[in-house]
Structure formats: C-alpha cells, structure tokens
Amino acid sequence: MALFKDSIRSYPGRKEDPSLERNFRGHKDAVTSVDFSANRKQLVSGSMDACLMIWHMKPHMRAYRFVGHKDAVMCVNFSPSGHLVASGSRDKTVRIWVPNLKGESTVFRAHTGTVRSVHFSSDGQSLVTASDDKTLKVWTVHRQKFLFSFTQHINWVRCAKFSPDGRLIVSASDDKTVKLWDKTSRECVHSFCEHGGFVNYVDFHPSGTCIAAAGTDNTVKLWDIRTNRLLQHYQLHSAVVNALSFHPSGNYLITASNDSTLKILDLMEGRLLYTLHGHLGPATCVAFSRSGELFASGGTDEQVMVWKSNFDVTDYEDPLKTQRFASSSKSDAKILPEMDFSEVSLGMKSQDSFRNSQAEAVTIPATVTNTLEHIVSQLDVLTQLHFDS
C-alpha cells in the first residue's frame, strides 16, 4: 500500500494522512459494492462470487457469509437503522437480509435485467432499485410492495440514490445522462448531459443541494441542482471512475477508479489531496462511514480495505461551513467553487513512479461548446489545474 500526498500545502483541521486500518479477505471474485452500518460496527460487501460478506469492525469476530443470490451481487446497502441490508444481483432479484448469524432474507424479482443499484431512503421506509432493464423502481421496505417506476432512460441504469430528505431521486445511466426525479410528482425534473461516456455512479451531497457523478470518460462532475449549474469538473484519473462517496461534512469527496487508485478531493479548496494506492487492479467501489471517520474500498483483487480518514471532526462541524451548505436561496447557490480541474499528464507506468506536484492554477476564458453551452455560458471562468506526474 502506498499513499502519496498530492499537495504540499498543510490544511487546518487535518490531523494526519489517511491510513489503512484493516484488510478483509474472503470473497472469491471481484468486490462490487461496500457500505457501513450506521453504528460503524459492521461493513457489508457484495461480490461477483454471488455472496455478501458482513465484516465486523471489532477484532477477532468472524465474518458472516450470506448465500442466496444465484449470480453476481452487484450492489449492497445498509438501512439507516442498520437492522437490514439490501442487495441486488445479476439474477434480477433484490434480497432484504437481517445482518446476523442466521442471515435470513426475503427475496423478490424486482426487474427483468441485472439489478445494479439498491438504496434505502433516509427514513428507511422506501427502497429504490436500478437495472439493466432501463428502469428505476421504488418499493416499500415493509413487504416489498412495488410503488412506481421511472422509465425515461434509454440504456442501462447503473445507479440510483434518494436525496437526504427523500423528496428527490438521482440516477446515472449508460445513456450518458444523469437524471433528477421528483418522487411526489413522479416526473423527471432535469437531465444532465455533460458526460462524454457512460455514467457509472451518482450521489447527493449531504446538504441535498448538489450531486456528483462519475463516468467512463474518466471524469467526476458536480452540479448545483437548484440552478442545474455545473460547479466542478475533475479529470484526475487515468481510467474509468467507478464510484464516489461524499464525506458527511460535504467538504471532501473520494473516488475509485480502474487505474487502481482512490483519490481524495478537497471540494472547498478545489484541489486533489491524496492519491491512495492499495488495490492490485481496478478499485471498483468506495464508501465513507456515516460518521466519516472511516472509509472502505473494494477491488477486482477480491479485497475489502478499511481506511481511517484522519480528518479533524471540529473542522467539518464548523457552523459557518454548515450554514453555507444549508442555504437554499439561489443567490447563495454557489456553495462550491466553480472550477475545472484536469490532470494533463496521465501516464502511469507504475504505481510507485506516480507523483503529483503542487497544482498550478491557470485562468482561461470560458469556452462554449455544443454540449455544455447552456451551463458554460453561466460560468465566469474555468480554472484548470495541471498535475504533473
């Protein structure tokens, strides 16, 4: 495991570098998804080996292996209470598990294609699923009653997430769009079309005012959903970006890529903080714990890694920062700096030779393109940061 600090600037409120705490081995194929329970006592992972593993953060406790799906497990998610785990599979079913030694589950055929994503609402009452059948579906958790579906995507739907308040749903698709849905009216309220490839993953900022998406064009993009404005664009990975996760403070974002690295971004400062080399092969998934103290990652190397963030809690509980994210007025919609971040030299001959020098900011005039015209015209400047390898 190697960790490279991508900025030589010291940051107030950051105790020390992230560190690898645990390394779990038990899956027999690529790990596809990871998620922490709310109390941080358990971690669930799904794998192409068709199994779920429940890992205990307490030392010397044996993991639980859950068998039931008949094909690869593509996604897992703990309920907010931590009393249930949902999983979706290539066998087209969703299972709801009780994460204890018995590993009891209920199963229902949710889609006519692979289930790529499962996510509980914040109240734990609803579940949204996304599938290769090009649909999203919303279900009650109790008795798994089907409520309604969204059908406007024209290709596989890779990911779907509830907003923190449960009123909106965001989805990412191989049709190269990110769509925002109103749960009450059951309508698509906006489509974001800026990605140049399939969109693998999307999630809401903890404030509920922004979304971030990752794609096969190697980029990560952030939008303000109140103005539908593109706020930030990152091209820091040298390969497909598979997943991302917001720190609960909203100040940091972590990404996982086929280039085998995890990258930690400081969204408020607008810079790359760390590149973490731990996985031997593509990093397929990543997730912060609910407290932000830990994050977990999985890869095609069949490993689940648990890392300690080492972010100072007092830093992200600053009331002024909280107030910035809580504002809902359009005049204060710019909660993150509007910038474009690209790594120009992306050659990675080996993990050990990869270094990022301190970023140098270059201000250039805003450029209007066909695909970004309606958004770029609103930006005053695009700032491009060059990271030399």
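Note: Cβ is positioned from N, Cα and C throughout, glycine not excepted.
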Segment assigned the feature region 'Disordered' in TrEMBL (from 1-21, 85-105, 106-126, 316-336): 1-21
Proximity of the repeat 'WD' (24-58) to the repeat 'WD' (234-275), 3+ C-beta pairs under 8 angstroms: no
Secondary structure tally of the repeat 'WD' (66-97) (DSSP, helix then strand then coil): 0 helix, 18 strand, 14 coil
